[in-house]
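**Q** Below is the structure I would like to discuss, written out as structure tokens.
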């Protein structure tokens, strides 16, 4: 490797490492999920719960204490795993306990090194150690008043302990425990409120605009501005403080100046940025150690504005007039589209890998083959996932924060419990089942992580829900994604109906659907105009790439639609595999008006492959088999003697002989068994043969003679088609004739002697029923194979060729009728009207919504107005 390449690789590695360091918390979160995927156990579940219940949900991010606790827990976990391996490997103990398996201890000895076998745990330990050091180095946002109060409480307790009774001393000794319990309860209460109502994320900054006509030569003194703002906040606090001396109450809001600079837009305006150290409650006076605001910047901004309206700014002699106060506010994000995509992926993964996870079967999409029905468990699981997606959409449309949190917790518990239960009962086919189970939970983990981040930043307000994710901007990815969204069956219709049902609107459902269709068509027109037509100059020829992608590829697709069904049903189908006869039996029945008796039946038939026969024996002198593959041809040779005894009583035989003169038929049948197609593994070939003389049959049955001859029993050559039909070869092929012999003695049985057995020398002297069978190849088992096997070529042509042809014809016909609505020079004004309708609906202005809708309808009804509104600017 050259020095330049080594230098380049080193730069890449250093860049990756720097990115990992700057996003080490994200790496830790991924390792938490990796540990749970590596070992679905109770001990590894702690990482998943810590991630989804705290780390991703808390608005201020995980604290230093959290990383220290996870670090200590990981050390204990690794130590327990190591001690367990020492016990089972070096002490010779064998522990078989389901509890140990559920806790995450392996039931077998580890053959590789301990570090390699527990690599996810060591990765968690490494990155958690790095993150704890980073968090300790960077420090955390904390009010300085917290330390003051802690010191004050300690000093006060020391003073009281000197001069108090034993009872008071005991009470004071228990006071820290009581305060700790109260602090934990208040922390949980604050955490729940932050989840359901939303909270601001640190650092908390407030921007103050001041009118400065004459800038001082030495600049504006930050200490003077900071003390003035804190004095204003104290005055506002004193109005609601219930203490005897409000000036001694330390619970007022406090800020710390960060920067003061001149505005670039207006040189007479100074912009001061403050960090909120503590935000007091707006309603009453609560001790600072027992209160923590969810929205400190908004609270401090409200207090400053209240002081400005009350005249406190001029009263204290603040040096500069305050023009505006801007709080940091909440960061509004909408992740619903990504959450929906992840949940939809989970739905399809469960549908595909159901057999692998639940039934320990490596085949995909095979659940419908159980008696041609869907298993009820499979349907119930898909229905639960589907209705969870619907419920999430309803909560999103209603902006129900508490419902979203409860829904998130239910999802987390449901999927974690289900995946863990399935993993604990994992027995056979471990690789396929384990990979499928981990793929499903990993996809759901992405959904849960996105939901946790959404809860962390707050549920989007109803006034912002009119924005659609895919139509938010014009790009090739958005265009293709929107096309796919419209193509998926029922997805667009379900979304429109559900949105209309859960949204306050003045439009009827039919009007709603028309509005959505108008907006969709306008978006597609805009994408076509921006992505395709904007780059095309008038008179410029189309590029070869455009012709290839839009013309040649479409032409070949149409060719495939026309010829693919025929290729699938031809012998040249590359997916076909050999489908030999696995079992064969032959039977001869005699039937009259009195009933039917089985004369000869054998299941002792040899199946000889064509390529295994003696090459010196010519079994096909007429060349009937030249057009077939040798792997599909078999020689069936059966025993001459029946495999069952003749046990018909004499009384029954006598009565049956009397009915021989009335409609006597001889029926010969082959019963063949193959592996495929599904549902047609067993095929039966029956032929009604030339009826022998009645007297010949009667003489054999009454014991006068031992045999009678049957002519033209069955054709020597026939083929079994892929669809399960048995068809003979050409009509001129001579049929098989045989003698049926009733062997008498202590026991009676029938024998079948082929009178032309000398023509077939490959059976090794067997003179029973013999046939040369061509079992045609069939597609492999699965959706494609079963579809090809269950439907005929005409059914495929009707389904694919005609249906697809009709669909393409609908897309290409009456294109002239779409010109007024698709070839628009500019559709920005019409899109703006649609967005105004959505905005009016979101703000509750239903009258404006309906007026704008009918204005849009009026524009579409009038070609002149449509032409005016779509003119380019």
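Cβ atoms here come from the backbone N, Cα and C positions, even for glycine.
Per TrEMBL, the feature domain 'Piezo transmembrane helical unit' maps to 22-141. As annotated by TrEMBL, domain 'Piezo THU9 and anchor' applies to 334-570. The domain 'Piezo non-specific cation channel cap' feature in TrEMBL is assigned to 598-872. What TrEMBL lists as transmembrane segment is 26-52, 64-84, 335-358, 378-398, 405-424, 436-459, 548-569, 791-808.
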**Q** State the residues, same chain only, that lie 6 or more residues beyond the ends of the transmembrane segment (405-424) and have a CB under 8 A from a CB inside it; answer 'none' if no residue qualifies.
**A** 40-41, 45, 48-49, 52-53, 101-102, 195-196, 357-358, 388, 391-392, 395, 434, 437, 440-441, 444, 447-448, 451-452, 455
**Q** Any residues 6+ beyond the ends of the transmembrane segment (335-358) with a Cβ under 8 Å from its own?
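**A** For the transmembrane segment (335-358), the far contacts come to 364-367, 377-378, 381-382, 385-386, 388-389, 392-393, 396, 422, 429, 432-433, 435-437, 439-440, 443-444, 446-447, 450-451, 453-454, 460, 469-470.
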**Q** What is the number of residues in the domain 'Piezo transmembrane helical unit' (22-141) that are helix, strand and coil, as DSSP sees it?
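**A** Counting residues per DSSP class in the domain 'Piezo transmembrane helical unit' (22-141), I get 87 helix, 0 strand, 33 coil.
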**Q** So what's the average pLDDT for the domain 'Piezo THU9 and anchor' (334-570)?
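**A** In the predicted model, the domain 'Piezo THU9 and anchor' (334-570) has a mean pLDDT of 84.
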